[in-house]
């Protein structure tokens, strides 16, 4: 695949003069097509917005000046009667007029059944949400393509940029910076070296050990441990999520112009892919097992205990490049993959054979463009989400696939297993993340360069619990409500 133009899932904004020149050159081309396409997007969006009070328990819409290619929940900071305060990690992918940044925000997460239905649909698409406030800015060396937090201490995050290195940040200890042209980059707390070419997207952190996993254009998967850089005075790495204190050894302040930061090499480098590795993930129950997917259409399972060669290689996991992978935290036999063939596939590793043959348990086909992100829901073992370049974030339940009643009720038009569709974004949904502190709460972000010429949209939302609770519970509650209405109506 040499000579191909490298793919970029979130296009970098063009400098203003170049953007204007391109707009002038293409003004006459595809004008009618784009107009009708945009009209269709706007119609669908209007239909969605009208249904917000019915479909959602809560929704916050936050306009971003610059696109963000990643969004992640951080530690919960405070609980109160009607809402919780929590860290949120974002990025700002700029056009070069100001530096690229890693943004630490504070988010007010409204608790279930608190927000008024008519209020959540009354938002201005061009405004910033009062529920999201910037807390700290880190000037990042290059654009931030991917953010991942350390599960044992979510104040420690790893970032991928357009370089071979993985950067580790202690976001609470990092100084707040003012992002102006010419400002010196913030200094990473740790740099992980080992890739021989750029590693832009594939990044994961382990649930059980302070391990970091990465994949890149060098076709390799690289594993590190940051254990050696944990200080004896810091919070115990096995402590509760969100615990305070640095786990990174300090060798200077964050504004040191003459040093890039301390670095460590990998524990192991794994070879088996034949093209760029696009995503990686750890097995939830084992720090020694992990898997990777790439532009070669391979799904590869690895085990650090048996060497650096693949344990299982599924050579045709999809009909196109694979973009994303996730391992079920409730059942470590189930693995999800998302692809440029517009589909999500679920594999059961018990079905794999030693020669790499493995058919998916099910294909989920509800997107009309490349799938960019898949993630299992932490609140129900059979539920997962998928986001794509079609601007949709689909919520699926694989238990519904084999349900005959479900099949009959849905008809042919609705894909099997699909039970909710978040249509609040009007451009490609590049990332989303389930909130482990607030059940069924999601943060999602879209890169709006194609529709508005720049910026992005961040949305924090929770579907109505009538959609995911057991049917008998919902019917019982509706009966109680009906009885209450009848009783009130019969009073003189």
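For all residues, glycine too, the Cβ spot is worked out from N, Cα and C.
In TrEMBL, annotation is done automatically, which means it is predicted and not curated.
Some features that TrEMBL has for this protein:
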- 1-14: compositional bias 'Basic residues' (COMPBIAS)
- 1-42: region 'Disordered' (REGION)
- 29-42: compositional bias 'Basic and acidic residues' (COMPBIAS)
- 43-110: domain 'Histone-binding protein RBBP4-like N-terminal' (DOMAIN)
- 235-270: region 'Disordered' (REGION)
- 237-249: compositional bias 'Low complexity' (COMPBIAS)
- 250-259: compositional bias 'Basic and acidic residues' (COMPBIAS)
- 270-303: repeat 'WD' (REPEAT)
- 315-348: repeat 'WD' (REPEAT)
- 364-399: repeat 'WD' (REPEAT)
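If you average pLDDT over the repeat 'WD' (315-348) in this model, you get 97. Sorting the repeat 'WD' (315-348) by DSSP state (H, G, I as helix; E, B as strand; all else coil) yields 0 helix, 17 strand, 17 coil. The repeat 'WD' (364-399): residue composition by secondary structure is 2 helix, 18 strand, 16 coil, according to DSSP.
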